[in-house]
Every structure is written in structure tokens, then in C-alpha cells.
């Protein structure tokens, strides 16, 4: 039987760094998207926005990878199925319902309460980014059942064939727009390989990290090539008349390869726990779920301020300021809640 090293999640600083970077990347994708559609084609803000939008496309794939990695590390095989769900899924559902209701009432002005249940099952019908919640909950539901398969290389290869095949077909044959519901971003068929590969790597993650640190130069070279190809692919797609969504989507084979290279790059870096940058990223990592849930609402109201005052959203100023505001306010809200929870815990002792 293969022996795998026992991994303690809290000691893997590279996971915290990657999670924080993914949280920032999600914010950049959405802010750069709005900057892009308000920019003049060919202008500096247009080129920068499109480039940033593509460079940060690793975000959701690697969030899923980290979820699989974290579950693989902490999972106890003798844990009952429902106890597992209670510990993981029910940490997601309450904030999802809370913020989902706020999005429906404050932004969508949807008071058709009877049909809300169906909207919550799909996520993206509430607001564009919430497809991730039903997606990750689907993967959580099947994880304990298929864990013996996921932790084997055969499981990873099987899921790779499914995800890569669906991604290739969805991107290159469902042209020009991914409008059929089966091609929705919430469909786990496109994403399962990221999650499953995280589960598989969890058994030997420390070994992987050590190996990446001995191949830094090679990883950087491959990363630069991937970045150039990814950005070039989007510019070429738009120039040839493809839609913006088609040319920039997550669901492309190139994004799949690029995401894994970014993961290797982040793992290959050396991090000093005492440095200010690492401390900031650790804070962002802790608040990453809150940032993911809340930042589109902050961005929505920030854009309303720009629109009301006839300010141009197709500028680098909007891009930079919206990133800071959209990431900063959710972090502050999380920080306030965290401090309140700690005070409540102390007072109850």
C-alpha cells in the first residue's frame, strides 16, 4: 500500500497565499470586465483591462482545486456522510441565503418569493457570480461517495477526460455563445477535474511544494508563455468577430492548463510569515469567501455612483479604484463580523 505523508493544513502557507490571490483575482475579473465594455477598443484601458481579465482567469479553477485539496487533507474516512455535510455544506448555506436574498431584493428587485427556491438552486439566476455556490455544493455532496476513486490517479485521469472533453466541445463547437443551459458555468462537468486533482494531490502536497521550489525557473518560463498565449487568444478571438464572453470565458482548454501552471508558480515561491505582504494575504485568505459573496454588490453600487455623476467607467482610474473598493469593503465587513464573533465567544465563556 502506498504511504502518503500526513499533512496538516494549517502549516501549508502556500495554500493561504493561493487562496488570497484567487480572491483578489475574482475581483479583478469582474472590475476589469466592466472597464472593458466601457472602454474604447484599442485604448490603453481596453488593452490593460482585457489583459488583466485573462491573467486572472485561474481564480475559480484554483478555488475549486483548493477546496478539493483542503477536503482531501482534513477528511476522516470514519466520519459519517451527514456529519461531513453538516461541517462543510452548512457553513456555506447560511451566508449564501443571506446575501442571495439581499441581491434579489436590493439589486434585482425580485419580490416573487415563491420562485426564489429555484433561483437559489441555480445561483447565477440570483446574480452572475453565485453559480459557484451550487457548483461547490454539488462537489461536496459527491465527495464522500467518490473519495476512494478521487484519491487515485485513475480518478483524476477520468475526470480530466470528462472536463477537457466537455470544455473543448463547449468552447469550439457551441459557437459563438454558450447559451444552452448544459453549458452553464454552474455545471460541474466543466470543473470537476480541478476539485478532484486537489483531492488527489492532498496526499502528497508537501512533496509537490518541495519539488516546485527546485524548478522555479522552468515554471516561470512556462507561465510567461501561457500568459502570452492566453491573452493573445482573447485578442485574436475578438478581432475575428467572436463575442466578448466567448473570447474571455473560463471554459477554454487554455485556461485549464494555465490555472495549473499558476498553482505551481505560487507553490514554488518562498514566503516569510513575518513579512507584511504575507500577513496581508493571510488576512485576505481568511476573508476570501466573504469577498467572493459581497464584492459584486459593492461594485454594483460603486458603478451607480460613477453613472449618476457621469463619470467614465472605461478608465484605468475606475479599474484600480473599483478593485480596491470592491475588495476592501467586503474585507472590512468580514473583519467587523470576525471581531464581533470573537467578543461573543469570550463573553460566553
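Backbone N, Cα and C define each Cβ position, glycine as well.
Unlike curated entries, TrEMBL annotations are predicted automatically.
TrEMBL has this to say about the protein:
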type     : residues : note
DOMAIN   : 13-334   : domain 'Acyltransferase 3'
TRANSMEM : 20-37    : transmembrane segment
TRANSMEM : 57-76    : transmembrane segment
TRANSMEM : 88-106   : transmembrane segment
TRANSMEM : 126-143  : transmembrane segment
TRANSMEM : 155-173  : transmembrane segment
TRANSMEM : 188-205  : transmembrane segment
TRANSMEM : 217-238  : transmembrane segment
TRANSMEM : 250-267  : transmembrane segment
TRANSMEM : 287-303  : transmembrane segment
TRANSMEM : 315-334  : transmembrane segment
Given 20-37, 155-173, 217-238, the one sharing the most C-beta pairs under 8 Å with the transmembrane segment (188-205) is 155-173
What else in the chain is close to the transmembrane segment (126-143), if you only count residues 6 or more beyond its ends and a Cβ gap under 8 Å?
26, 30, 60, 63-64, 67-68, 71, 75, 84-85, 88-89, 92-93, 96, 100, 103-104, 107-108, 119-120, 150, 184-188, 191-192, 195, 199, 292, 296-297
Recorded stretch that, among 20-37, 155-173, 217-238, 250-267, has the most CB pairs under 8 Å to the transmembrane segment (315-334):
20-37
With a Cβ cut-off under 8 Å, give me the same-chain residues at least six positions beyond the ends of the transmembrane segment (217-238) that come close to it.
50-51, 53-55, 57, 244, 246-248, 252, 254-255, 257-258, 261-262, 264-265, 268
Across the domain 'Acyltransferase 3' (13-334), what does the pLDDT come to on average, as a whole number?
92
